[in-house]
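Asker: Here's a structure for you.
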Amino acid sequence: MIKVEHLKEKLISQAQEVSRLRSELGGTDLEKHRDLLMVENERLRQEMRRCEAELQELRAKPPGPCPGCEHSQESAQLRDKLSQLQLEMAESKGMLSELNLEVQQKTDRLAEVELRLKDCLAEKAQEEERLSRRLRDSHETIASLRAQSPPVKYVIKTVEVESPKTKQALSESQARNQHLQEQVAMQRQVLKEMEQQLQSSHQLTARLRAQIAMYESELERAHGQMLEEMQSLEEDKNRAIEEAFARAQVEMKAVHENLAGVRTNLLTLQPALRTLTNDYNGLKRQVRGFPLLLQEALRSVKAEIGQAIEEVNSNNQELLRKYRRELQLRKKCHNELVRLKGNIRVIARVRPVTKEDGEGPEATNAVTFDADDDSIIHLLHKGKPVSFELDKVFSPQASQQDVFQEVQALITSCIDGFNVCIFAYGQTGAGKTYTMEGTPENPGINQRALQLLFSEVQEKASDWEYTITVSAAEIYNEVLRDLLGKEPQEKLEIRLCPDGSGQLYVPGLTEFQVQSVDDINKVFEFGHTNRTTEFTNLNEHSSRSHALLIVTVRGVDCSTGLRTTGKLNLVDLAGSERVGKSGAEGSRLREAQHINKSLSALGDVIAALRSRQGHVPFRNSKLTYLLQDSLSGDSKTLMVVQVSPVEKNTSETLYSLKFAERVRSVELGPGLRRAELGSWSSQEHLEWEPACQMPQPSARAHSAPSSGTSSRPGSIRRKLQPSA
């Protein structure tokens, strides 16, 4: 108990010592040092304000020196030094604030150590109080037990002397004695445990004392370091202030001397200032007139630049014109080479997008053109661009006249005795019939060709006598029919002329002589009404047959007796189609099958001609058999491939353009002119002899006319007379 009380007293004394040290450290040294720093800071501020006031006075007294003066440079240097002093002052303020912050941090740390020490002391006091209570309880228990032991022994001894009657009481006393001894043993054990706890308490007290000593040493060390740092900072501050003050005095003295020199210089510079003022006024007057000079210079420069631009544009236009002329010459030479080689010329025409194509992604335009080359066409098929090169490509904006201008040279060669074949190829709804036949307001190649022939015949009427006859036929379901005959449904056959010339003709094919444009219109109207057209999903007026317009031009030179015979075959092929897309059923399905079969046969013929095979399968189809003369080498042939530009038809467009490229590579050889020289009677004999002498009253064998006349009934018979 005495040791515990002594430990309590020592802890209390240590706490009082720590409180005293804290009060002395925090309230005496730190606060005094902080007050000294604040006073010193205030003194420095006042000194800085005084220096700034002096600087303002110096700035306000004399006017600014002229640029480039030596004194102005010295003044600038002094201002720089003054700004450096101000920066050093600001750095001193920052160091002072850092010291204040460090003092505050150490004060907070000391307070934290004191709080931890108080907590440890409180815990130690509670533990000692608990141990003291237990120790007192143990002493009291031991004392009570010691006080009870002699009576028990006395009773035991007494019972031994007493009579045996008291054995029961003795046994009870022994049991109670045993119980008390057990309690004494238990109390001794408790006392031993309490002594161990007291020993551990002494050890904890020793550790706490060691921690307190360590905290005290740390506080003393921190206090000493802080005092040393404060002293060193104070010395540095005083030294920096003294140095700055000395420099400021020296610099201020130099500034006063420089200002005196500046005043003397200003007095000497007044004449120079007057001269500069006069020069400035002169320059000002010159500047007032400068905008006019600048505008005139700009106008002249703009004129020169505009003239240069015009010259460059004219040169560019001239180069562009020459380039286009060279391009046309190159194409002309290429076409002449193709003509000499006898290649089949191929042109493509893209129809416009119509409302029948619908809307949405499937109706978007998938065909583009080359701006610099009108023989290139680009197709976007399944996301991949494919390019094709043909002889000519017409965009949807091209007119009927534009297309006809490309083919009229071939048509006029028919008058000179050449065989010419123009046929339109493409899928259903691509615009083949529109290109070949057109409309009454905007006719196609057929009618324009006959009009051109009539105009050429009229120009040569003074030297030549021409006869123009027209026949029209169609191939429907592999059956050749006469569109101008009495019975359009009558089947016709293609025969070889028995004269051994190898020429083909159609017995019974009606032939009308035309002499004016009105005759042409009537023939076209009559033939168009007999042609087979039906409605499909792809075209409202789909041509279900191959239509052939055969124009024969016979001419005689009145002066020389030269006789020529030219034949113009204008073919409007039926459209290739997919049965699934066209929705053909029943008879329409049979028609589609026959159309696709004949077009496949045409493809086989083109492939055989392209690979120069010995056998060309012309007889696989009525179409190819009838076009044998046009595809066998003695004819000028041109194909117009019609394509659709919309996305949903790209597969058919791709097939048509590939077929067109294959056709373009076929070489037929140069065309042969059919001309004979002889007397008028011999000419007539030579001309009519290949006809196999098959005159008919109302119709004439194609390419074998008779001398009889036809008397076909009906309005067209009254207006048109067959050729005699």
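Residue positions begin at 1 at the first shown residue.
Cβ from N, Cα, C; glycine included.
Keep in mind that TrEMBL annotations are predicted by a computer and have not been checked by a curator.
Positions annotated as ATP binding site by TrEMBL: G426, Q427, T428, G429, A430, G431, K432, T433. Marked as coiled coil by TrEMBL: 4-130, 177-243, 302-329. Per TrEMBL, the feature compositional bias 'Polar residues' maps to 704-713. TrEMBL lists 715-724 with the feature compositional bias 'Basic residues'. Residues or ranges marked as domain 'Kinesin motor' in TrEMBL: 343-666. Residues or ranges marked as region 'Disordered' by TrEMBL: 689-724.
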Asker: 10 Å Cβ neighbour count around G426 (ATP binding site)?
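Answerer: Step by step: centre on the Cβ of G426 (ATP binding site), count other Cβ atoms within 10 Å, giving 28.
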Asker: Over all shown protein chains, what is the count of other CB atoms within 10 A of the CB belonging to K432 (ATP binding site)?
Answerer: 27
Asker: Provide the number of Cβ atoms within 10 Å of the Cβ of T428 (ATP binding site), excluding the reference atom itself.
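Answerer: T428 (ATP binding site) is surrounded by 25 other Cβ atoms within 10 Å.
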Asker: Can you check how the pLDDT averages out over the coiled coil (4-130)?
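Answerer: For the coiled coil (4-130), the model's average pLDDT rounds to 68.
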Asker: Near G431 (ATP binding site), how many other Cβ atoms are within 10 Å of its Cβ?
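Answerer: Around the Cβ of G431 (ATP binding site), 23 other Cβ atoms lie within 10 Å.
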